[in-house]
Amino acid sequence: MYSSNNSPRKEIINEDNEVTFPQYTLFDITIDSGLKDDEGNELPRPFTKNQMRKWLKKVKWENRKAEKRKAEKERAKERRRKAREANIDLGPNRKALKKMKLEKQKKSISIVIDLSFDHLMMEKDRFKVIKQILRCYSINRRSATPIHFHISSFGDRSKTDMSRHNGYENWDINFHEESYLDVFPKDKIVYLTSESENVIEQFEDNTAYIIGGLVDHNQHKGLCHKKAVEHGIRHGQLPLDKYINMKTRKVLTIDHVFEIVLRVCEGMPWQDALLKVLPMRKGAHICDDVSGSNSSIDTLDTTCINEVTK
Ligand SMILES: C[S@@+](CC[C@H](N)C(=O)[O-])C[C@H]1O[C@@H](n2cnc3c(N)ncnc32)[C@H](O)[C@@H]1O
């Protein structure tokens with residue numbers, strides 16, 4: 001209790017009528033006053049009004065967040081209860097997913113998200129990249145045939161951005177501080193880029209497919225293609241034109257590219273995978289020349305990439 005109800009600078013009078021200085025902490029930060037008590041212990045500096053205001057704002061925000069989380073948990077519980085009653089399968093729960101992780105056989109291809117573009121993005125866009133990575137992680141975990149998932153050029157900035165998600169170090173993702181060039185043999189790397197003149201038909205075993213970890217609103221058009229050419233590695237685009245017509249441009253988000261690769265590796269025909277993953281607003285619809293024909297990957301050219309550039 002404060003001796004005055006609105007000035008945080010005042011001392012505290014406890015129940016035994018003893019006067020003490022308050023131990024203010026801003027969560028884990030204690031502000032030192034430079035003063036010492038009788039035993040030589042550092043006394044904390046009371047907050048200024050401004051600091052107190054900020055602290056209260058933060059506490060209120062944290063409380064609101066906790067309430068929202070609690071409400072969301074309740075809603076999820078209710079959804080699950082209703083689904084059970086209606087005999088609807090909501091897929092595996094967390095416990096089952098963990099067990100599945102140990103039992104599932106992974107595909108031999110790897111997907112790498114290249115995080116070497118941090119310096120080109122504002123915080124807001126870097127967070128979008130992380131959010132998309134979370135989605136990739138989540139769909140890969142739920143897949144019956146997950147693919148090896150890597151992150152390369154995982155530097156200090158990415159670590160800080162990622163650390164907002166507790167326990168990410170324990171996720172089933174291989175984090176590499178170094179470039180993908182130092183992790184995989186050069187001839188086993190294919191950079192995925194919509195600007196490539198090579199069209200991917202099938203994914204090769206034991207090959208690492210790189211997705212640029214970049215949200216750039218088309219500001220750095222062709223950057224990943226340029227990078228692949230400069231490094232002398234193979235590159236390829238997804239066969240969008242072959243299977244679907246799209247209203248919008250063909251540059252997809254990281255998680256959409258990831259999911260398309262995952263679904264095709266699971267055995268889904270290209271066209272189905274593209275239509276399943278691409279959102280309605282992209283206006284994806286079936287190409288006249290392939291609709292009705294069997295578009296399964298089995299019937300396609302078996303070369304991984306046409307006119308591969310070395
Ligand atoms: C939002 S895009 C980044 C666009 C960026 N301007 C660039 O130079 O690639 C994110 C990543 O998804 C992959 N990607 C997007 N559309 C693709 C497509 N149609 N085919 C293959 N990869 C694609 C690329 O790896 C790309 O770097």
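Cβ atoms are placed via backbone N, Cα and C, with glycine included.
The annotation coiled coil is assigned in TrEMBL to 56-86.
Per TrEMBL, the feature domain 'SAM-dependent MTase TRM10-type' maps to 92-285.
Around Leu192 (S-adenosyl-L-methionine binding site), the same-chain residues at least 6 positions away in sequence with a Cβ under 8 Å from its Cβ are Ile200, Tyr209, Ile210, Ile211, Gly212, Cys224, His235, Gly236, Gln237, Leu238, Val257, Val261. According to its DSSP assignment, Leu192 (S-adenosyl-L-methionine binding site) is in a strand. The S-adenosyl-L-methionine binding site feature in TrEMBL is assigned to Leu192, Gly212, Cys224, Leu238.
DSSP assigns Asp216 (active site, proton acceptor) to coil in the three-state reduction, placing it in neither a helix nor a strand. Taking Cβ-Cβ distances under 8 Å and a sequence separation of 6 or more, the neighbours of Asp216 (active site, proton acceptor) in its chain are Phe117, Leu120, Met121, Asp125, Leu223. Summarising the annotation, TrEMBL assigns active site, proton acceptor to Asp216.
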Output field, S-adenosyl-L-methionine shell: CB within 8 Å of site CB centroid, site Leu192, Gly212, Cys224, Leu238 dropped: Tyr191, Thr193, Ser194, Ser196, Ile210, Ile211, His235, Gln237, Val257
Neighbour tally for Gly212 (S-adenosyl-L-methionine binding site), based on other Cβ positions within 10 Å of its Cβ: 23
Stretch-averaged pLDDT - the coiled coil (56-86): 87
Conformational class of Leu238 (S-adenosyl-L-methionine binding site) under the three-state DSSP mapping: coil
Span of the S-adenosyl-L-methionine site, taken as the largest CA to CA distance across Leu192, Gly212, Cys224, Leu238 (Å, rounded to a whole number): 14
